[in-house]
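For reference, the structure discussed in these notes is given below.
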Amino acid sequence: MSMTDLLGAEDIKKAVEAFTAVDSFDYKKFFQMVGLKKKSPDDIKKVFHILDKDKSGFIEEDELGFILKGFYPDARDLSVKETKMLMAAGDKDGDGKIDVDEFFSLVAKS
């Protein structure tokens, strides 16, 4: 399964292009632009599993740095600052990784 099976390819491209500048990433706007917030819990869970590259059941900080590439392969990596800000927003229990429930909360806040 790929991201374009769940979200519109054109929406993804526009969202990625909106955040090409370093330190411009805003997860709330990005999730809105790709239409993630409007998706069913099942589809949001599928997106989580696509982003969980090592299939550990968590999105760790190193995977988070590549989150845009999970949506669009030619996208840039997040900066260290952007990655840390996204982790701080998503990691509610402070274990240094985002589980599926924390990801749901992150999407719901967008």
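The backbone N, Cα and C atoms fix where each Cβ goes, glycine too.
Noted in Swiss-Prot for the protein shown:
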type    : residues                                 : note
BINDING : Asp52, Asp54, Ser56, Phe58, Glu60, Glu63 : Ca(2+) 1 binding site
BINDING : Asp91, Asp93, Asp95, Lys97, Glu102       : Ca(2+) 2 binding site
DOMAIN  : 39-74                                    : domain 'EF-hand 1'
DOMAIN  : 78-110                                   : domain 'EF-hand 2'
MOD_RES : Ser2                                     : phosphoserine
MOD_RES : Ser2                                     : N-acetylserine
MOD_RES : Ser24                                    : phosphoserine
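Each residue contributes its Cα atom, and for Asp52 (Ca(2+) 1 binding site) and Asp95 (Ca(2+) 2 binding site) those atoms are 16 Å apart. Note: the Cα of Glu63 (Ca(2+) 1 binding site) and the Cα of Asp91 (Ca(2+) 2 binding site) are spaced 13 Å from each other. The sparsest Cβ neighbourhood within 10 Å, among the listed binding-site residues (Asp52, Glu60, Glu63, Asp91, Asp95), is found at Asp95.
Put plainly, the binding-site residues Asp54, Asp93, Glu102 were compared by Cβ crowding within 10 Å, and the winner is Glu102. Around Ser24 (phosphoserine), the same-chain residues six or more apart in sequence whose CB sits under 8 Å from its CB are Ala18, listed in sequence order.
For Phe58 (Ca(2+) 1 binding site), other Cβ atoms within 10 Å of its Cβ number 18. Taking Asp91, Asp93, Asp95, Lys97 as the binding-site residues under consideration, the smallest Cα distance to Glu60 (Ca(2+) 1 binding site) is found for Lys97. The Cα of Ser2 (phosphoserine) lies closest to that of Asp54, out of the binding-site residues Asp54, Ser56, Asp95, Lys97.
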